[in-house]
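Here's what TrEMBL has on this protein:
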type	residues	note
ACT_SITE	H417	active site
ACT_SITE	D468	active site
ACT_SITE	E477	active site
DOMAIN	37-490	domain 'Glycoside hydrolase family 9'
SIGNAL	1-32	signal peptide
Amino acid sequence: MAPKSYSFLGGFPAVGVAFCLLLFLFFSPVSSGGHDYHDALHKSILFFEGQRSGKLPPDQRVKWRGDSALHDGFSVGRDLTGGYYDAGDNIKFGFPMAFTTTLLSWSIIDFGRNMGPELKNAVKAVKWASDYLLKVTAVPGVVFVQVGDAYSDHNCWERPEDMDTLRTVYKIDGSHPGSDVAGETAAALAAASIVFRSRDPGYSRLLLDRAVRVFEFADRHRGAYSSSLHSAVCPFYCDVNGYQDELLWGAAWLHKASRRRQYREYIVKNEVVLHAGDTINEFGWDNKHAGINVLISKEVLMGKADYFESFKRNADEFICSLLPGISHPQVQYSPGGLIFKAGGSNMQHVTSLSFLLLAYSNYLSHANKVVPCGETTASSALLKQLAKRQVDYILGENPMRMSYMVGYGERYPQRIHHRGSSLPSVKTHPAHIGCKAGSRYFLSPNPNPNVHVGAVVGGPNVSDAFPDSRPFFQESEPTTYINAPLVGLLAFFSAHS
């Protein structure tokens with residue numbers, strides 16, 4: 001049972017919201033300045049090097065990894081090497097990889113100035129992904145959206161360097177649409193083009209031009225990729241939410257990257273048709289609604305875009321839905337104060353929603369505005385504090401008294417659900433470890449031999465309990481899309497703590 005100091009005080013009637021918020025902030029375990037946010041930032045970016053697929057570069061810092069999947073795409077006559085493995089397996093899923101790229105880019109766009117010497121590593125992490133996205137979109141009218149057969153891969157427990165499972169290539173095209181994954185890919189390319197605008201103008205133009213082409217394809221050939229490729233992508237990254245939000249999301253990033261009127265007009269024209277006001281407190285690889293509203297609201301708050309006012313109202317409503325003490329059926333908090341949503345890998349919700357809290361807080365601060373929430377208001381300072389509480393929970397201020405980032409703090413997960421981390425490195429065990437030969441490592445009670453520094457796991461359950469065990473993959477598996485928004489959060493708090 002959690003110590004009394006972690007009592008969250010949730011479920012108060014609306015009349016006590018302001019009082020509840022004050023209690024939450026002052027009596028929850030607030031950081032006393034003991035966290036090294038810059039160290040955590042360094043590690044959160046380093047994690048991506050452990051997820052790399054393809055030929056590793058000379059400056060690779062994660063030494064227990066080696067080259068892998070060097071023939072990806074050869075079966076279809078394309079070079080599809082590179083990119084990231086999404087989590088603890090050896091598949092390259094295009095939908096979450098594109099979302100990861102978008103959020104890493106957004107982290108740099110909004111918080112890169114706070115990253116110090118880590119900025120160059122964050123930019124490299126984006127480029128490793130954007131280079132791959134250029135490869136998968138090189139053929140007009142086609143997007144290669146996955147490399148690897150998930151069932152074949154999940155039947156084995158082997159290092160990516162030993163991989164001998166099926167590397168089937170899956171694509172969408174005009175006859176087999178996938179507006180969701182194509183829309184997210186367009187968003188990722190557009191966001192990355194902003195990152196490289198001043199660093200490498202030629203590369204930035206290439207990214208933006210490709211984003212324009214991919215978005216046009218996504219919009220012209222509408223449909224969900226989980227309908228076209230159901231047996232390959234479901235239940236792994238099945239688009240439950242529909243493709244409409246990705247079209248708005250892609251248009252929003254193209255509007256931000258290009259400033260072309262056509263994207264502003266597209267957003268205004270399609271706001272209702274594409275359901276901009278639906279499920280406004282969801283944000284992740286499948287559902288972009290809260291992100292769309294926060295991203296577009298920046299222009300409204302800057303006094304530049306009254307025609308987007310409805311998006312700001314949605315963003316305000318999203319913010320209010322996250323406030324402790326305001327009951328909302330889709331947002332829970334654990335007794336220890338962690339945002340919790342049903343389904344696996346809860347930390348993806350914690351980091352992505354906290355990122356939006358922080359981003360919106362900055363936009364409010366610059367505009368000198370607050371968010372009205374019934375009988376109370378949410379200030380920029382309050383939103384920052386709420387986001388910081390989530391980050392501090394991840395870094396160790398929680399009932400388990402453990403960090404959920406591997407390699408950070410004195411106590412952190414030792415048995416993460418990750419093939420490369422849990423099997424002996426090719427450096428220490430050069431001999432091949434076959435598909436089923438790895439099972440003994442999966443079932444072993446011993447800590448993983450390779451410490452995957454910076455990996456943030458799926459996290460504890462709604463009761464703040466955490467089983468440090470590989471078979472509990474929903475709790476113990478790290479993902480790229482948990483870390484991507486956390487990079488921005490840690491950057492800000494490393495400079496403001």
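For all residues, glycine too, the Cβ spot is worked out from N, Cα and C.
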(request) Report, in whole Å, the straight Cα-to-Cα distance of H417 (active site) from E477 (active site). (result) 5
(message) Can you tell me the CA-to-CA distance separating D468 (active site) and H417 (active site), as a whole number of Å?
(response) 9
(message) If you count CB neighbours within 10 Å, which one among the active-site residues D468, E477 has the smallest count?
(response) D468
(request) Any same-chain residues 6+ apart from H417 (active site) with CB under 8 Å of its CB? Would you list them in sequence order, or say none? (result) G88, V457, R470, P471, F472, F473, S476, E477
